[in-house]
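Per Swiss-Prot, the features are:
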BINDING   S14, K41, I55, E67, S68  glutathione binding site
DOMAIN    4-83  domain 'GST N-terminal'
DOMAIN    89-209  domain 'GST C-terminal'
Amino acid sequence: MESNNVVLLDFWPSSFGMRLRIALALKGIKYEAKEENLSDKSPLLLEMNPVHKKIPILIHNSKAICESLNILEYIDEVWHDKCPLLPSDPYERSQARFWADYIDKKIYSTGRRVWSGKGEDQEEAKKEFIEILKTLEGELGNKTYFGGDNLGFVDVALVPFTSWFYSYETCANFSIEAECPKLVVWAKTCMESESVSKSLPHPHKIYGFVLELKHKLGLA
C-alpha cells in the first residue's frame, strides 16, 4: 500500500532512524526523507518534537509521532496489511516489546562508551557490551529471527546497530563474531532483505563518522 503525506525527519547515522527506514521499506510506504543537522535543528523538528527535540520523527497527515519504538508500532498498526512486525498473540507481543525495550536501554549507551572510552573505562564498557549481546544471542537461540521465521519487531529494533559493529570492534579492539557467532549469522540473514540492506549505511561510513565525532569531542 502506498501512503500520502508521510515525512521522516532523520539523521543518516542514527540507528533509531534506520529502524523506521527498514519498517517503511518493508511495508512499501513512500515517504519524504528530511535529513536533519543536529547541531542546527530545523524549526520543523523543534515544532514537531518540542519535548525531546530529537530525531527520528514521523509526520503522517501533518501529525507528529516521536520515539522510534513508538513510531515502529504506529507504522505497524496503520499499515498492518503487509509484513506485520508485532506478533498477533498477546504474550508473544509482550515479549517482543520487552526485548525491544532491553535493546533501547542497553545497546546505544553501552556502545557509545565502547567507541568513545579509553583504558579501563573502555574495557569495562566492552565487557558489558559483550554480555548484552550474549543475552540477546541467548534469546535468539536457534531461531532464524527473534520472532521465529519472519523478520519482526525485535529484529528491526536491533539490526541497525550492526552497522556500528565495525566501529565498536575497531575502537575497542575485539571481535563480535568471536564472542557471538550466532548473532552475526542472524545479522547476515537480516541483510539478505533488501529493505534492511538498503536502509543501513556501510559500516566503514559509520566508522568515518565516529572518527569525526571523536575528533569533535576531543576524544581522538
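Glycine residues also receive a Cβ, built from the backbone N, Cα and C atoms like all the rest.
As the structure is a computational prediction, the values presented were derived from the model and not from experiment.
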What are the non-local neighbours of S14 (glutathione binding site), defined as same-chain residues 6+ apart in sequence with CB under 8 A from its CB? I55, P56
Restricting attention to the domain 'GST N-terminal' (4-83), give the mean pLDDT. 97
Three-state secondary structure, which DSSP defines for S68 (glutathione binding site): helix
Please work out the number of neighbouring Cβ atoms within 10 Å of the Cβ of E67 (glutathione binding site), leaving out its own Cβ. 18
Going by DSSP, how much of the domain 'GST N-terminal' (4-83) is helix, how much is strand and how much is coil, in residues? 30 helix, 17 strand, 33 coil
Please spell out the DSSP helix, strand and coil residue counts for the domain 'GST C-terminal' (89-209). 95 helix, 2 strand, 24 coil
Note down the number of other Cβ atoms within 10 Å of the Cβ of K41 (glutathione binding site), including every protein chain shown. 15
When a 10 Å sphere is centred on the Cβ of I55 (glutathione binding site), how many other Cβ atoms does it contain? 24
